[in-house]
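Peer 1: Handing you a structure now.
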């Protein structure tokens, strides 16, 4: 805490030029005129009890992201269940089973329905309970709240009320939207991290009103009282209008005074604030939407199949009913022994239409086995088990945080295998907010020998190419070395200091002995190098803190870049060690002296960085009295401001900057300017006037005056830092791109940062043509109409679309970059489809400065506009809308803010785990569910149609061929477990192969295993199987001696024999469908067949068998008969022979990708012939313009082109020499 107290004495506002300096003038302005609708909120500070009654009764601070509550669970869950058409049908059938027309016992219809619906509802309740528990983790966080008489105590977040005074300490989250009253800094400044809200890592500076600055101690709130009148709750994160009525004066409030819920206090010991908005009134919750009820596309298509089957059911029921009417009218009177008509008119020749209607109801129930009631519950069970495997996957377990993957809902497992577009947040999702100083260019000389990841990968690929070419090229094809490329061409790329084994330094990965350990003094331009290090250590706004544990200094900087520069300066011998109100102390180490030399620089002015300026400058006075302007910024901005004499190193530095950019490094140029006293004081007078002025153009004046000073600079050099992405992010993006997935980045960060991250994770690369869609500058916007702005944006979109169409280079790639202001227009109804068409044609899309609402709107546009499955991934509260809007929402659970996780369908700890979640689990789940559903319909058609055939065979009497117990057990026991094993354990290829052959993933987005061709194929297979089973059995058993005594088979014997054939046929079919067998599958498939025979043995001994003539049906009737066994074998083979022939033909003449891989693995060619295996792997990736591989390919093309030119020139020189 000592460091914090030292820091608190600095008036931070004096360090800033633009956004921070305004503590006094804001209170001199007139208060806001707050009237009318939208501005009705009144907050009585320090009097929370006044808000417990209307009209001031506001919502509590309790938040909920659940779908249900205690009151809504039953009605909503029942509605969800009966949205499924099959369940609706079986509800009707269960009701009809209570009437006399039913062919079955009511229990056999009602019990399965209750079981299926009850199990599904229990699963929904369990998943929602988990959401509730995660909500409560947030609701039960503790806040330090003023109780009374200046005493503060802990209270759960959920108990906070509007008007409460809250004390928030360093690194804590704000529990509600607060008005900042005071902070540990004497001028009321505090630093806020809004990563959870807008994705930005740069700290925001908030400022309290000067009138509340004395409220800096617990006791000062004993008598504190004030009133706030402000806007009503709304989702706008960047605006706030209100007035504070305090001490008989009214002060205007703006967004700089507001601390938003779920942002975090940084670099400030403590702050005091008063609660304005609580719970769902807070701006972050206003940006969220209710948890949607998501259904997978496979499930929606399954409903269509059920409609088809229901149509077939109606059709055959009508046929059966018509047949029954004919029989009743013309044949039934002849059957005197049936005693017709009966009392209920079920069989009345005098009323054939009435009897036909009753028979129609009977037929609808009888043939109901066409529609599988256990399908939904089997899928539920399978999805829960699949989710369990996802949760338990050790390869998606993050050891650092101890966080496993979590399938928060299992309804969307198969959607993971059909994703077309990924929409990702940037900060905290792709990046870990750490920069590493890697290379630099000083005085036209490049320093830093350590290779970036892109360089290493390119060198490795080149080496593999060399290896392959050396086996195929003749000596005359290339130069005498026999290789098209020489070792010296790539040795620079691969060089590393292998001998140094120093422990890693956070923020510093630089390796070059010429600059380290004071060796820079031996360099030719040592004075320029010294100036370069000086700029790194002086041009910043950071504050040093002494770490008592390690004894070293750490730096709390506004951006990760600044932190990396200060660490680099320290390692080079220029350590920034102290900041006071007006000076910076640098401790310089030289090899010539053992003790460091401390130099103090007076800070005269600081011109801070803004996204518009793209540069930062500091004006300092050295110990020798010399005034210097030190500047760092984007190279394009700095180069435009160089003097004629300051361009000595421009050409070499530009070349180095391009090389650094090609390898994915973030670059900044450094420059300086010497000032004389008169020049500086004249400028400073103008600058001070602008700084203290009151008016709307204050910032514009400051910018113009700053621009005057930042001219005629002298270039010193450039830096190259590596943006430390989260572990495995480039590789993950690369694999997803190879799998054919499109990746969009939606971030609240500024455009420059977003572009740099795009380069770092290979969504952008050198040579890629960037399309930037932006609106005109703010000052022109005032004069131009909204229509003109829209026309300008539309023209940009049209020109970009035309440019893409006219592009002839096959390797050309386009990247679309657009900001939030422009998106406001492009998302409107009349322009959004043109924007989407352009975006779809681009290899990568980056949307920056977007609000949470815009993230959700972009996601909706992609989802609805393309009609394909979208996945949104993020880690903060600002990503909740996007996550809920997408077909699949994935939350990053490694962060402290859990809002994204609570709103998500799946949670992972790191972005890199998305690769395995989609490419492995997604691929498996899609194929498993698709095959499982197709097989389900196959087996039910094969079984259900045999009942219809027998109905026609028995004169449409409504007589069932099978015993009720057989039919009850068919879906629930005898065929359910094998199909569940298919849905849980089936693997076309193992997980390693899925990752090695990412193109296999495209089977899902292309819907190869659940398209109508395959669905109707399986239905046709079911129809064929039903015909074979019924008619072969009828032919075999009809009028044939069956038992030893010469008796023919009765209906129960034929029905049982036929049912045996059904069991064998469908279980053998599922065995043929499986590609991957474990002992569990063998046990369940063949165990189901064995279970049928065990059931027959037991059932034949029970009294229930006597009424249906099934006493000892297996032991005494079927088993002794050779016909029974031979018929079972013949029918089973005949049923499965066509499918066997089909898969053999397909594998032989038209194999799918996984068929080829299965054969390679089966014959162990992946081990015996590694060259072939590598060749097949290189084929198995989608052609892509983004990702690490695309960047490496571009680098290789560049190197090959360079080498080809070199070889051509050598060849031409050689031929000229020979001619001479």
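A Cβ is built for glycine as well, from the same backbone N, Cα and C atoms used for every other residue.
Okay, so TrEMBL annotates it like this:
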type	residues	note
DOMAIN	43-110	domain 'P-type ATPase N-terminal'
TRANSMEM	85-101	transmembrane segment
TRANSMEM	107-126	transmembrane segment
TRANSMEM	305-326	transmembrane segment
TRANSMEM	357-379	transmembrane segment
ACT_SITE	425	active site, 4-aspartylphosphate intermediate
BINDING	425, 426, 427, 562, 609, 632, 666, 747, 748, 749, 849, 855, 878, 879	ATP binding site
BINDING	425, 427, 875, 879	Mg(2+) binding site
TRANSMEM	936-959	transmembrane segment
TRANSMEM	965-985	transmembrane segment
TRANSMEM	1015-1038	transmembrane segment
TRANSMEM	1053-1072	transmembrane segment
TRANSMEM	1084-1102	transmembrane segment
TRANSMEM	1122-1141	transmembrane segment
Peer 1: Is it true that the transmembrane segment (1084-1102) and the transmembrane segment (936-959) have 3 or more CB pairs under 8 Å, sequence gap of 6 or more?
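Peer 2: Answer no: the transmembrane segment (1084-1102) and the transmembrane segment (936-959) share fewer than 3 Cβ pairs below 8 Å.
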Peer 1: Let me spell it out: take the transmembrane segment (1053-1072), skip the flanking residues so only those 6+ beyond its ends count, and list any with a Cβ under 8 Å from a Cβ in it.
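Peer 2: Beyond its ends, the transmembrane segment (1053-1072) has Cβ neighbours at 935, 938-939, 942-943, 946, 961-963, 966, 970, 974-975, 978-979, 982, 1021, 1025, 1028-1030, 1032-1034, 1037, 1042, 1085-1086, 1088-1089, 1092, 1096, 1110, 1113-1114, 1117-1118, 1124, 1127-1128, 1131-1132, 1135-1136, 1139-1140, 1143.
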Peer 1: Which of 305-326, 357-379, 965-985, 1015-1038, 1122-1141 shares the most C-beta pairs under 8 angstroms with the transmembrane segment (936-959)?
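Peer 2: Ranking 305-326, 357-379, 965-985, 1015-1038, 1122-1141 by Cβ pairs under 8 Å to the transmembrane segment (936-959) puts 1015-1038 first.
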Peer 1: Are there residues at least six beyond either end of the transmembrane segment (357-379) with Cβ under 8 Å to its Cβ atoms? List them, or say none.
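Peer 2: Distant Cβ neighbours of the transmembrane segment (357-379) are 84, 86-87, 89-90, 93, 96-97, 99, 101-104, 109, 112-113, 115-116, 119-120, 299, 302, 306, 309-310, 312-314, 316-318, 320-321, 324-325, 344-346, 929, 932-933, 936-937, 939-941, 943-945, 947-948, 951, 956, 958, 960, 967, 970-972, 976, 979-980, 983.
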Peer 1: Taking the Cβ of each of the recorded positions and counting other Cβ atoms inside 10 Å, which one has the highest number: 425, 609, 666, 878, 879?
Peer 2: 879
Peer 1: Whole-number Å distance between the CA of residue 609 (ATP binding site) and the CA of residue 425 (active site, 4-aspartylphosphate intermediate)?
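Peer 2: One finds 24 Å between the Cα atoms of these residues.
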Peer 1: Can you break down the domain 'P-type ATPase N-terminal' (43-110) into helix, strand and coil residue counts using DSSP?
Peer 2: 30 helix, 3 strand, 35 coil
Peer 1: Between the recorded positions 425, 666, 748, 849, which lies closest to residue 875 (Mg(2+) binding site), Cα to Cα?
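Peer 2: For residue 875 (Mg(2+) binding site), the spatially nearest of the recorded positions is 425.
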Peer 1: Validating a neighbour-count step here. Other CB atoms within 10 A of the CB of residue 849 (ATP binding site): how many?
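Peer 2: So the number of other Cβ atoms within 10 Å of residue 849 (ATP binding site) is 21.
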Peer 1: Taking a Cβ cut-off under 8 Å, which residues six or more beyond the ends of the transmembrane segment (1015-1038) line up next to it in the same chain?
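Peer 2: Long-range Cβ neighbours of the transmembrane segment (1015-1038): 305, 934-935, 937-946, 949-950, 953, 1048-1049, 1053-1054, 1057-1058, 1061-1062, 1065-1066, 1069, 1123, 1127, 1130-1131, 1134-1135, 1138-1139.
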Peer 1: Which residue among the binding-site residues 748, 875 has the fewest other Cβ atoms within 10 Å of its Cβ, if you could check?
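Peer 2: Relative to the other binding-site residues in 748, 875, 748 has the fewest Cβ atoms within 10 Å.
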Peer 1: Compare the Cα of residue 879 (Mg(2+) binding site) against each of the recorded positions 425, 748, 849 and report the nearest.
Peer 2: 425
Peer 1: Please average pLDDT over the domain 'P-type ATPase N-terminal' (43-110) for the predicted structure.
Peer 2: 81
